[in-house]
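Peer 1: One structure is given below, represented as structure tokens, and several questions about it will come after.
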Amino acid sequence: MAALTRNPEFQKLLEWHRANSANLKLRELFEADPERFNHFSLNLNTNHGHILLDYSKNLVNKEVLHMLVDLAKSRGVEAARDNMFSGLKINSTEDRAVLHVALRNRSNRSIMMDGKDVMPEVNKVLDKMKSFCQRVRSGDWKGYTGKAITDIINIGIGGSDLGPLMVTEALKPYSKGGPRVWFVSNIDGTHIAKTLANLNPESSLFIIASKTFTTQETITNAETAKEWFLQAAKDPSAVAKHFVALSTNTDKVKEFGIDPKNMFEFWDWVGGRYSLWSAIGLSIALHVGFDHFEQLLSGAHWMDQHFMKTPLDKNAPVLLALLGIWYINFYGCETHAMLPYDQYMHRFAAYFQQGDMESNGKYITKSGARVDYQTGPIVWGEPGTNGQHAFYQLIHQGTKMIPCDFLIPVQTQHPIRNGLHHKILLANFLAQTEALMKGKSPEEARKELQAAGKSPEELEKLLPHKVFEGNRPTNSIVFTKLTPFILGALIAMYEHKIFVQGIIWDINSFDQWGVELGKQLAKKIEPELDGSSAVTSHDSSTNGLIGFIKLQRDTKID
């Protein structure tokens, strides 16, 4: 594929941006077109609630949008989408298919890979998960002293942690009757020590989530958990009742002491950051129940169908992707804020920090050339309204343009005080996107200061600080209620957005070689931390840091 910057559609957009972008004023666009909201929004009726994508507060008009869609077509987005759903090996550097969509293929249509339908295997694992969940949640599965399981501890990292953690937090209202759930990921001993302090070994079930069963952080934490467990249980055979594995490495699982019957399989065509739909989601299913887990899958499948079948100009993931391309490659934006106005979604931005930055944080194209354009953004965010009292100042009046996605449910899970809390939350959500779009003109600020009784001197002094330029772009994503189905659809929408951007940038969104170098060096450094002798095998900074650690580690501090 030719470089993006040499693409005729890209060049057309670049010329248009140079000539006209200064004239794109959101206030004026809304004044000129009273129907702008209707022209630049999608209302997706999932039959399990609505998802409204309002992208009218973006720095685009119909002409720009048309050119962006042409860019997507010229970069082969439609063919690439079809190739992914068809099981072709689009992860070129690892020679793998990318089939997380098969994990939630609720239509159960055949999905062929290397001439074989993957669906029978997918359904077999789902059936095994369902049966296991029913046994644990009903109390039929007993620990070594005959007690039912009260606590699930998921030990994993990256994709084996972030997805299940985010979803179990988001779906807490649906967890009635299920065990409590804990997540241990960090190799920092504090994480597992503080978690184990809350647990009773007689009623704890550990899920060890590692595809290879060799991930250093995960296996170290798992061994620590097993050691803690055996201090109480004594008998190694009791491990089989309290440890299960999500892995593909049967030998390592057996070696650990886990019965292979309690190993839940997934496949190399499931990328870590797309794996919550697989056996990696076992902690979700145990916590909220398998029926709710199936609804999560169904919501994602609904969005898969929308992505597959809807024309690009009415396609929610495609539109989100193209708006991101517009800001990154034409306005020079470097970050993207995800701002969910729902406390249950407090890990949503962190989840897509991995989803986006590990997928599209690449500077090499599929053919091995270095890009001469920007690729994946820095993704960050916190729940509203907390963020309003923290970092929104920079979004409103800082020197950087930060495109934002605002997300909110119309209905709350907790309509306390007759819905007062949620009404205030909704009002703040609506006010922020309007304020970022409209800003406050010098004339409006002057009138406000005059009405507040400021003297002419005070007014002139304060006036520049009270002006908001506005014209800050946002998407509003409003959905009926945060249910398992709607959450599944929202996650899939962002997954496909990331995929589309990767295709336009001509990068492989499904490998993560950048994770490897640090891991390799850590293995070399670890033995060098033993003993007191000076280390000289690295650069002076790394040598100096190792020396400082060796000097300080035995220092007594009160």
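Even glycines carry a Cβ here, placed using N, Cα and C.
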Peer 1: Going by Swiss-Prot, point out which residue in Ser41, Ser86, Ser160 is annotated as phosphoserine.
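Peer 2: Annotation hit in Swiss-Prot: Ser86.
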Peer 1: Report which of Thr190, Thr214, Thr250 appears in Swiss-Prot with the annotation phosphothreonine.
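Peer 2: Record lookup in Swiss-Prot returns phosphothreonine for Thr250.
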Peer 1: According to Swiss-Prot, which residue among Ser441, Ser455 is annotated as phosphoserine?
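Peer 2: Looking at Swiss-Prot, the phosphoserine feature maps to Ser455.
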Peer 1: Go through Ser86, Ser107, Ser185, Thr250, our modified residues, and report the one whose Cβ sees the most other Cβ atoms within 10 Å.
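Peer 2: Neighbour-count leader: Ser185.
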Peer 1: The record names Gly159, Ser160, Ser210, Lys211, Thr212, Phe213, Thr214, Thr215, Gln354, Glu358, His389, Lys519 as the residues that bind D-glucose 6-phosphate; what is their largest Cα to Cα distance in Å?
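Peer 2: The two farthest binding residues have Cα atoms 43 Å apart.
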Peer 1: What does DSSP say about Thr214 (D-glucose 6-phosphate binding site): helix, strand or coil?
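Peer 2: SS state of Thr214 (D-glucose 6-phosphate binding site) = coil.
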Peer 1: So how many other Cβ atoms are close to Thr212 (D-glucose 6-phosphate binding site), meaning within 10 Å of its Cβ?
Peer 2: 11
Peer 1: In the three-state scheme derived from DSSP, which category covers Lys142 (N6-acetyllysine)?
Peer 2: strand
Peer 1: Work through the recorded positions one by one (Lys12, Ser86, Gly159, Thr214) and name whichever has its CA nearest to the CA of His389 (active site).
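Peer 2: So, of the listed recorded positions, the one sitting closest to His389 (active site) is Gly159.
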